[in-house]
Amino acid sequence: GTSRQIPQTIIIGVRKGGTRALLEMLDIHPNIVVAATEVHFFDWDENYVKGIDWYRSLMPFSYGNQITIEKTPGYFTSPQAPGRIHDMNSSIKLLLILRDPTERVISDYTQVYYNRVESHKPVQLFEDIVIKNGALNTKYKAIQRSLYDVHMENWLKHFSLDQIHIVDGNTLIKDPLPELQKVERFLNLPSRIMSSNFYFNQTKGFYCIRSDGRERCLHESKGRPHPLVNNTVLEQLYSYFREHNAKFYRMVNHSFDWH
């Protein structure tokens, strides 16, 4: 009695915002099934041309009372993704998980840094990438990805605000349950995720998941230590994002505890 369904909900981003943690935590819910990998259907042209049946074939099998969720963090910053998702299902519910934009930039750098180290490729200091000729390098992709107001504007051309639920990534890591309960309500699901589904792992420094008698933590690539960043550079980033953050808060009628 199962079949593959096109997702009724998509986690659209943001990269390094906590999308994997959110997906893994929602997977506890008996009425949710999740796609195993990032599909990149709506943001990569070479996948989009394969068509909706190809997209569906990558989804897990589900029962009629379950909703299918996929996550691809690249969707949020993709110019094409909002229109393409709207064409597929104009009433879809979207989940967007965000964190402090400066922290997100540093996390973005950290991932690339470790990937390059593991591939024996040369690496640059964070400050040498972020500062060019004494000024902030606003063309740096990681900074561009943190301009939440710019990307949100594109989504609001296609979807109403009540179709997009914003998860606070900073809060999800510190205290997962309240954020997940808000998602359950947004998706009109019965309340099934409990505090007993989480335990704090002292070694990793974040919450791990307990369900169906099994315990699991996020991959070791998650929660890596960030480099210590020069205070002057930090202040330049805070200052640059301040106006963008204020604009974003007005767009979504909600403030966050960001620098």
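For all residues, glycine too, the Cβ spot is worked out from N, Cα and C.
Feature annotations, reproduced from TrEMBL:
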DOMAIN    7-245  domain 'Sulfotransferase'
BINDING   K16, G17, G18, T19, R20, R99, S107, Y207, K222, G223, R224, P225, H226  3'-phosphoadenylyl sulfate binding site
ACT_SITE  K16  active site, for sulfotransferase activity
DISULFID  C208-C217  disulfide bond
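Here G18 (3'-phosphoadenylyl sulfate binding site) comes close to I97, R99, V167, G169, L172, I173: these same-chain residues lie at least six apart in sequence, with C-beta atoms under 8 angstroms from its C-beta. In terms of local Cβ density within 10 Å, K16 ranks first among the binding-site residues K16, R20, R224, H226. The Cβ of C208 (disulfide bond) lies under 8 Å from the Cβ of F198, Y199, F200, N201, E215, R216, C217, L218, each on the same chain and at least six residues away in sequence. Within the same chain, residues at least six positions away from S107 (3'-phosphoadenylyl sulfate binding site) with a Cβ under 8 Å of its Cβ are K16, R99, H226. In this model, the domain 'Sulfotransferase' (7-245) carries an average pLDDT of 95. Cβ-based neighbour count (10 Å, all protein chains) for C217 (disulfide bond) stands at 16.
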